Amino acid sequence: MIKRIGILTGGGDCPGLNAVIRASVKTAISHYGWEVLGITDGFDGLIIPDRIFKMDLNSVKGILPKGGTILGTSNRGNPFKYPVKKDGKIVTEDKSDEILKNILKLEIDGLIVIGGDGTLNIAYQLYKKGANIVGVPKTIDNDLAKTDYTFGFFTAVNTATDAIDKLHTTAESHHRIMIVEVMGRDAGWIALNSGIAGGADIILIPEIPFNIEKIIEKINERNLKGSHFSIIVVAEGAYEKGKDKHYVEKAKNEGTLPRYGGISNYIASVLSEKTDMEIRTTILGHIQRGGSPTPYDRILASRFGVEVCDLIAQKKFGYMVNLVGTQIISRPIEESISKQKLIDPYGQLVETARRLQISLGD
Ligand code: F6P
C-alpha cells in the first residue's frame, strides 16, 4: 500500500518544474489520497533532511505560471561523489546509504525525481540500491534520449527566438554581425530551433563542427546580395573543426560538470580580424532557464506530473515518463540515461535549415 510519497527536483532549474510539482501533488492528494513530502534542494534534502515539509493543496496554489522550483534544486552535489571539506581540502564521499536510510525513516513509499540526465542517473543508481523511485525528464537542453521533448525546452527556445528577433532589427540598422550564444551543453537543439524560428543566417551546433572560412563565405554572399548584416546563432558547445570547446570553468571535482561559454567571443575576435564589419556578441545565459513556462510546457509538465503518480500506484519503480508522439508512455529510467539525444547532422531539421539557405558553418 502506498501511503506517502516524496517529490524532489534536481539539476539545473527550468520553466515548468512547478507545473509538474503542482500536478503530482494534486493527483497524489486528491486522486490517490496519499501524503506528500516536499524534499528541498534535490538529493541534498535527503542527505540533510532538516527542511523536508509536508505538502498540501495550498502548497501548490498559484505556482503553475512560475519559473524555477518551489522545492529548490542543486546541480553540484552527486550523492555518490558528494563534496565534503576534510582537513581544509575538498574530497568526495558516498552518501547514498544515508539517502536510503532517510527514505526509510521518512516512510516514503515512492519518490518522484524530476531531473535531467545527471539527476536521473543518480536516481537510477539509488533505485538499483533499493529506493522506490520514478522519474520525470526535465531540461531546457532537450538532450534526453527516449522522450521526444522535455518540458522547459520550448520556453527556452521562445526566449532565444525573442532575443534573435530583437537583435535582428538593430543588426540591420547598424549593418553589423550579431552573434547570439545560447545554452544546450553538447546538444544544439536550442540553437537550431531558435535559429530557424528567428530567421538566423548562420547556426552553429556542436553536432556539426564549424569552419570559420565558411562563415565568412556566407557573410560575404549576403553582403553581395545587399544584406549588410548577419545573425549568427551559436550553441555554447559548438566548436571549430579540429579545436577544443570553450569553457568558462572546468569540472571542479568528480561530481560536477564543466561549464561551457565564450564561443561567441572567440568567433567575434576571429571575424573582426578577417572582415571589415562591426561585430557584437550577446550571451543569453540563464535568462533561458528562467521565466514563465509557455502553455506547451505547462501542459507537458502537467501531463508528466499526473502520469508519474500512476507509475507509483502501479509500483513501476525504476521507470520514468516519456513523451512519444502525442502520448505519455513509461520506460525504464536506464534507457533514457544510456545515451544523449543529439541532433542528427543528416536529419530533417538540419536539412530544413539548409533549404532555408541557413549556413551550418560547414
Ligand atoms: O543543462 C541545463 C544548462 O542550462 C545548460 O544548458 C548549461 O550549460 C548549464 O545548465 C549551466 O549550468 P549552471 O546553472 O551550473 O551554470
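Cβ coordinates are placed from backbone N, Cα and C, and glycine is handled just like the others.
If you look up TrEMBL, you'll see ASP141 marked as active site, proton acceptor. A coil conformation is recorded for ASP141 (active site, proton acceptor) in the three-state DSSP classification, outside any helix or strand.
In the three-state DSSP scheme, ARG76 (ATP binding site) falls into the coil class. The ATP binding site annotation in TrEMBL covers GLY12, ARG76, GLY77, GLY116, ASP117, GLY118, THR119.
Feature annotation from TrEMBL assigns Mg(2+) binding site to ASP117. Taking Cβ-Cβ distances under 8 Å and a sequence gap of 6 or more within the same chain, the neighbours of ASP117 (ATP binding site) are THR139, ASP143, LEU144, SER336, ILE337, GLN340. When secondary structure is read from DSSP and collapsed to three states, ASP117 (ATP binding site) falls in the helix class.
A 10 Å cutoff on Cβ-Cβ distances gives ARG280 (substrate binding site) a total of 15 other Cβ atoms nearby, all chains included. According to TrEMBL, the substrate binding site annotation covers THR139, ILE140, ASP141, ARG176, MET183, GLY184, ARG185, GLU236, ARG280, HIS286, ILE287, GLN288, ARG289.
What TrEMBL records for 4-312 is domain 'Phosphofructokinase'. Across all of the domain 'Phosphofructokinase' (4-312), the predicted model scores a mean pLDDT of 96.
What TrEMBL lists as site 'Important for substrate specificity' is GLY118.
Closeness to ligand 1 is met by none of the binding-site residues ASP117, THR119, ARG280, no Cβ falling under 6 Å from the molecule. In this view, ASP141 (active site, proton acceptor) is surrounded by 28 other Cβ atoms within 10 Å of its Cβ, with every protein chain counted. For GLY118 (ATP binding site), the nearest of the binding-site residues by C-alpha distance turns out to be ARG185; the candidates were MET183, ARG185, ARG280, ILE287, ARG289. In sequence order, the recorded positions near ARG185 (substrate binding site) (Cα within 10 Å of its Cα) are ASP141, drawn from GLY12, ARG76, ASP141.
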